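Heads up: the structure comes next, in structure tokens.
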Amino acid sequence: MSGFDNLNTDFYQTSYSIDDQSQQSYDYGGSGGPYSKQYAGYDYSHQGRFVPADMMQPQQPYTGQIFQPTQTYTPTTPQPFYGNNFEDEPPLLEELGINFDHIWQKTLTVLHPLKVADGSIMNETDLAGPMVFCLAFGATLLLAGKIQFGYVYGISAIGCLGMFCLLNLMSMTGVSFGCVASVLGYCLLPMILLSSFAVIFSLQGMVGIILTAGIIGWCSFSASKIFISALAMEGQQLLVAYPCALLYGVFALISVF
């Protein structure tokens, strides 16, 4: 036993005591801790500079109740991109500017030269009827063995441009190019009758010359009457009818020869 006591005495230092351990305890709340030497230079008070400014603003408290929206919230239904009611949409022909009633009235005005023309209807830009009449005129020439579609459209374009310049110089209100093309195209309808006669009969005799002169006068008189009523050019019908007669005379020459 004496040997065991000597071993314990050698293992433990005689100067060690619990009081010494309490003196070596670290004060972690102060600046004398073991970690204060390594991180003493870092200032934690500057961490707020990395926070965005919008996050630092105080948020508005929610004043509503559970399952009840606030008074400022007004729910709205999303608006659809396309209309749900197709009945409110205008017809396709109306969107394209094709009115069969006005086309029929303009056609009757051309077929009845003595009928008073409606200036409000004739002042519209309607090219559906003139395109059909130009195609019909070219088709009747084709039945007679004359392929003249290029001449028909070319002469029509040049004639419309010339009448457009002339009417703008003569009238006080002015006129659009579409209106001039529409009126001249509708007044081409009697010329279709002349080209239809040329399919069956020859127009190079005396009867053909008289018929051709009558058709030219018919077309030019109808066109001048419509221009006078649409542009309020009273007393100038003969001045307008003369260039119209020159234009329709070219179409008559194509039909006869």
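Each Cβ is built from the backbone N, Cα and C atoms, and glycine gets one as well.
The range from 11-42, 75-106, 107-138 that Swiss-Prot describes as region 'Interaction with Sec23' is residues 75-106.
Secondary structure of the topological domain 'Cytoplasmic' (168-173), assigned with DSSP and counted as helix (H, G, I), strand (E, B) and coil, comes to 3 helix, 0 strand, 3 coil.
Across the region 'Interaction with Sec23' (75-106), mean pLDDT in this model comes to 66.
Each residue of the topological domain 'Cytoplasmic' (218-236) gets a DSSP state, and the totals for helix, strand and coil are 14 helix, 0 strand, 5 coil.
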